[in-house]
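These features come from Swiss-Prot:
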BINDING   R90, G128, T129, R130  phosphate binding site
Amino acid sequence: MSQSPEHRTDGRRPEQLRPFSVTWNPMGFALSSLVVHTGRTAVLCSVCLEGKVPRWRKGEGLGWLSAEYRLLPGSTPQRQSRELMKLSGRTQEIQRLIGRSLRAVIDMERLGERTLLIDCDVIQADAGTRTASITGAWLALDQACRSLVEQGVLEQSPLVDQVAAVSVGLVDGQALLDLDYSEDSRAEVDLNVVQAGDGRLLEIQGTAEGAPFSRSQLNELLDLAEPGLSSLMQAQRQAFTEHSSVT
C-alpha cells in the first residue's frame, strides 16, 4: 500500500478524527436529546420511552429498543424528499444497524416491559451519518437511562457498556480514518466499524467500490479504526462530564 499523505484536503492527518462536539437538550419534551457534530456532519439524536413492548415481546418481562433514521430535507446540497409511505433500502439498513448496535449493550431484563425509542435525524450530511448517529445515540441513551433511574422509573441503568462507531476507507490506495464526503465519494473501500467499550466488535460493514481489497488491507483499516474508536469513546465521556458539570 502506498505511503499515506502527511495531510488531507481538510488538513487532517490520515489517522485523525474530525472535530467532535455535542449540543445538549435541543428538545424539551424528549427523555433526552442532543446534536452530535463530527466535522460538518450533524445529527439530532433523541430518546423517548414507551410503557409497552412489541406484541411478540409481551409477557416475557423483557424490554426492547427500536431506532429510526432519516435525512432531513435540507441536510444535503440537493433537497432530500421526505420518506413517508415507503422507506428506502438505505434508510432501513441504517436504522437497523443503529438498533442492533444499541441493543447489544442494553440489559433488557433491567428495562422491563418498556421500549426505548431512538430517533436519529440528520441535520447536515458530510459523510459518516450512520456512524455519527450510533455515537450520538449512545450518548443520548446514556443520559436517558440515568434520568430514568433518577426519576425512580428504573432501579438501575439497563445500559451495560459503551458504543461508538467510525468510518475508515481506502482513498487513492491510502487508508484514512473518519472520511468526509470528498473522500467517501471517491473511496475504493468504505468500511464502518462499531465497537463496544470493552474493545469487542459489534459490527463491520465493508464494501469495495470497483475492485476487491485484500485481507491485509482489511486488517490495516481495522487497525486504523481501533484507536479512532477509543478516542471517540473518550470524547463521549468528556462530553457527558462537561454536560453534568453545568446541569
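Glycine too: its Cβ is placed from the backbone N, Cα and C atoms.
Look at the Cβ of each of the binding-site residues R90, R130 and count the other Cβ atoms within 10 Å; the largest number goes with R130. Across the residues the record lists as binding phosphate (R90, G128, T129, R130), the two Cα atoms farthest apart are 13 Å from each other.
What surrounds the phosphate site, by Cβ distance within 8 Å of the Cβ centroid and not counting R90, G128, T129, R130, is the set Y69, I94, V122, A125, A127, T131, A132, S133, N192 from the same chain.
Sequence-distant neighbours of G128 (phosphate binding site): residues of the same chain at least 6 apart with a C-beta under 8 Å from its C-beta are R18, T38, G39, T41, V166, S167, D178, L179, D180, D184.
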